[in-house]
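Report on the structure given below.
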Amino acid sequence: MTGASGVEGTRIPLHSLSCRPSAGRSAGSFVNTGIMEAFRGTRPGCLPVWFMRQAGRSLPEYRAVRGTNTLLEACLNPDLACEITLQPVRRYSVDAAILFSDIVVPLKLAGVGVDILPGTGPVLNNPIDTPDRVNTLLAKTADSIDFGIIAEITRHTVSVLNGIPLIGFAGAPYTLACYMVEGGPSKTHMKARAMMHGDKKTWQKVMMLAARLSGQFLAAQITSGAQAVQIFDSWAGSLSRKDYVDNVAPFSKMTIDLACGIDGNSDLSKTGKSLWPRVPVLHFAANAGHLLTAIRDIGVSVMSVDYTKPLDEASELLDDSMPLQGNIDPAMLFAPWEVLKRHVLDIVQRASRAPSHVLNLGHGVPPDASCDQLARIVDLAHSMV
């Protein structure tokens with residue numbers, strides 16, 4: 001197994017991982033505060049960086065440790081999920097870990113028959129596309145599903161990160177609903193969008209269910225120590241702005257409210273105040289440059305922008321008032337380093353309009369990406385002061 005040092009079998013102690021010395025910061029100070037400062041709109045001493053899908057399929061140590069476990073088994077095994085979450089932190093010295101999980105884990109915990117097939121993705125035994133099926137699951141979520149295993153994994157992971165922030169993880173209601181209604185991946189999301197317009201009552205129940213599942217999933221992570229959370233809306237780009245605002249945004253806001261303990265079930269939360277300390281909420285939507293202002297309005301803290309939207313244009317749309325994250329084109333990871341470096345520097349320059357910037361990809365790490373290229377990006381980011 002290769003550690004962050006690149007030496008076979010070596011693991012750098014987590015407490016020693018930090019922004020590079022060129023930033024002039026002590027070992028613990030940036031790790032504990034830098035990326036969190038950026039999430040809250042302040043530029044720290046050097047550029048924070050982490051990668052979507054940094055844990056998992058692209059790392060040889062992941063493939064070694066997962067063994068014969070299925071992806072969902074790995075997500076729900078505290079020791080294994082923790083180890084996989086930590087692997088990219090050790091290897092790259094990124095400034096945050098993100099919980100190793102999958103957006104369909106809440107469905108699994110709700111008793112839904114679901115599996116993640118290699119080369120295909122999440123597949124349900126039966127689509128959740130009828131009022132009866134939706135109502136059955138809504139009744140379960142009304143009483144709250146047991147997310148104890150997620151809380152255990154989160155606490156365990158936080159305890160060994162030694163101050164490095166842990167980012168929680170969940171799918172946005174629309175993307176989760178697409179899997180529920182379609183029964184698996186879809187390029188067009190035709191069944192989901194048809195239900196949205198042709199059977200609004202059932203659609204609203206599906207979205208209510210998805211919002212509850214993802215909101216409770218995030219709440220379990222936040223209350224167990226996650227210092228920030230990111231919501232992934234992989235399929236939002238398939239929607240017009242009107243469809244997003246009218247039929248999706250209210251449920252994404254509901255997810256955020258539930259995650260932050262604003263659920264309408266107590267006198268305190270009815271006032272709009274969180275039942276527990278609010279953490280930064282990051283949001284990523286693919287191919288959704290036309291939705292940025294609508295996404296901002298659901299209450300997100302940091303806009304994670306996909307690689308198709310230049311960050312200076314994104315910042316202008318957001319009145320230069322919102323922290324940005326992104327947005328390296330994953331395809332550039334396969335270019336020569338000097339080409340990739342120019343691309344990264346251009347992104348950083350374009351992001352200078354925003355109050356703060358966290359360097360990331362504009363989509364997930366490809367499974368065959370070069371670990372060396374990702375390590376070079378981290379070194380470059382940490383050299384910027």
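Please read every residue number as a count from 1 along the shown chain.
The backbone N, Cα and C atoms fix where each Cβ goes, and this holds for glycine too.
ASP102 (site 'Transition state stabilizer') is surrounded by 21 other CB atoms, counting those within 10 A of its CB over all protein chains shown. A coil conformation is recorded for ASP102 (site 'Transition state stabilizer') in the three-state DSSP classification, outside any helix or strand. Here Swiss-Prot flags ARG53, GLN54, ALA55, GLY56, ARG57, ASP102, TYR179, SER234, HIS363 as substrate binding site.
Feature annotation from Swiss-Prot assigns site 'Transition state stabilizer' to ASP102; the stated evidence is sequence analysis.
Its Cβ placed at the centre, ARG57 (substrate binding site) has 16 other Cβ atoms within 10 Å. Whole-number maximum of the Cα to Cα distances across the substrate-binding residues ARG53, GLN54, ALA55, GLY56, ARG57, ASP102, TYR179, SER234, HIS363: 23 angstrom.
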